[in-house]
Amino acid sequence: MNADSRTRLNQRPEWTALAKHREELAGTHLRDLFAADPGRGAGYTLEVGDLHVDYSKHLVTDETLRLLRELAAATDVFGLRDAMFRGEKINVTEDRAVLHTALRAPRDAVVEVDGENVVPAVHAVLDKMSTFAERVRTGEWTGHTGKPIKNIVNVGIGGSDLGPAMAYEVLRSFTDRSLTVRFVSNVDGADLHEAVRDLDPAETLFVIASKTFTTIETITNATSARDWLLTELKAGQEAVAKHFVALSTNAEKVSEFGIDTANMFEFWDWVGGRYSFDSAIGLSLMIAIGPERFREMLDGFRIVDEHFESAPAEDNVPLLLGLLGIWYGNFHDAQSHAVLPYSHYLSKFTAYLQQLDMESNGKSVQRDGNPVEWETGPVVWGTPGTNGQHAYYQLIHQGTKLIPADFIGFAEPVADLLPGLVAQHDLLMANFFAQTQALAFGKTPDEVRAEGVPEQLVPHKTFKGNHPTTTILAKELTPSVLGQLIALYEHKVFVQGAVWNIDSFDQWGVELGKVLAKRVEPALTEGADVPGLDESTKALVAKYRQLRGR
């Protein structure tokens, strides 16, 4: 997009048409929309894979959706989508292709980067992962003392941690329960301390996830883990090769650490960290759930990839969800988006989406380097129902902010629940459906009065409703369904970035903090005079050193 005012997003006729339409809909209530269209509840739904997506409780009409699709066409969302799938370098600031979709491509697919088909390499790594995972799961792989591995500790940060940690929790009912799997990411030593304190080092395998093998937090934790292992085993460096594997591309650094490069699993610079857990980064997950179920998850990703690539605009679910976010963020001044899964197993799902969405679209500069003049990525937040109902739903129901929300639920409880707990699933889902109805339709003053409520309390017990929600419903939670859900949100984020004309695949804000931390550390440890520290930070460093007795 050019900097010329005629082509700026907020100057486009499609944008101004939406702004005018927003004014025309002001005062329209979801109660009115449903009254005008009795078939709305069934008509405003889409299907993709195993996911049933109900968007009837959104503040939209057929005209709204048409105008949003016109905006997508004007900003060439599908053109950028096609360029991504072709392997073009759409990450403009790093001159990289964006091909997380290749990680789940079938063996016979052809996806080229710089003229080379990357799919054979993807499947070679998957096959290598599968072989290793089975060796661990069957007990064939043993530690330094000959004991089989019973504990897996994944050491990474960001995309090397959030994805596999989330997926392990989501698919816990599919895991080998004889294995203990833990995740360490924080450079705070307490994280590693708590992860290993009750583990037998002779039965523990560390999976070190760092593409460059230089990520400071990860290598610091990996070094401490190595020290713990060798001290506890009273062993020499030769023990490392039986208890550590690497997810990396830096063979030299991996070898220097003591890891056998035969146990190094590679990935590529055309995979961003927050899109990487279906690559080698998912090794700890594959060990936990097994290669077959890991591939089922990849199949789920692919279902939505193919849908996003081929479905027409009016039936394209990621496009719809992305455009609904544009509608609220840019035309209703919504600052955040809640994702509320009604499944305990999805307890880390929203935290994963925080990185996916906020690191991708937390940008204020266009792809051409010009500043944006419109709102971009929202704050993404939420926790599983029904816990959130007793915490922050009050603000969604009766607060002053418009907060669009996604409700994710499943018709069947997981298969291995104790029989006495299965009946609770209906209560969980009763809350699921009740909340979206309450948010949409609220409770009028007359309805409150009809219950005999004293007049002075009527305003307090009135709910205006008109809070938009998407309901995503699947029969059951499976590896495939998890893949479908993640791909759905990946492509939703892509759509929004394309409309906003930002690079959704870099993360320069992350890099700045890393650089500054390296400069500040000597001031903490040695009292060094660090050039460029502001007066506030200098005073805080001095206070820190005083409290540490330095």
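Every residue gets a Cβ built from N, Cα and C, even glycine.
Noted in Swiss-Prot for the protein shown:
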ACT_SITE  Glu359  active site, proton donor
ACT_SITE  His390  active site
ACT_SITE  Lys514  active site
Inquiry  = Please report the distance from the Cα of His390 (active site) to the Cα of Glu359 (active site, proton donor), rounded to the nearest angstrom.
reply    = 29
Key: Euclidean distance between Cα atoms of Lys514 (active site) and the residue listed as 'active site, proton donor', Å   = 15
Inquiry  = Can you tell me how many other Cβ atoms are located within 10 Å of the Cβ belonging to Glu359 (active site, proton donor)?
reply    = 23
Ask   = Quick one: what's DSSP say for Lys514 (active site), helix, strand or coil?
value = helix
Task = Could you tally the C-beta atoms, other than its own, that fall within 10 angstroms of the C-beta of Lys514 (active site)?
result = 11
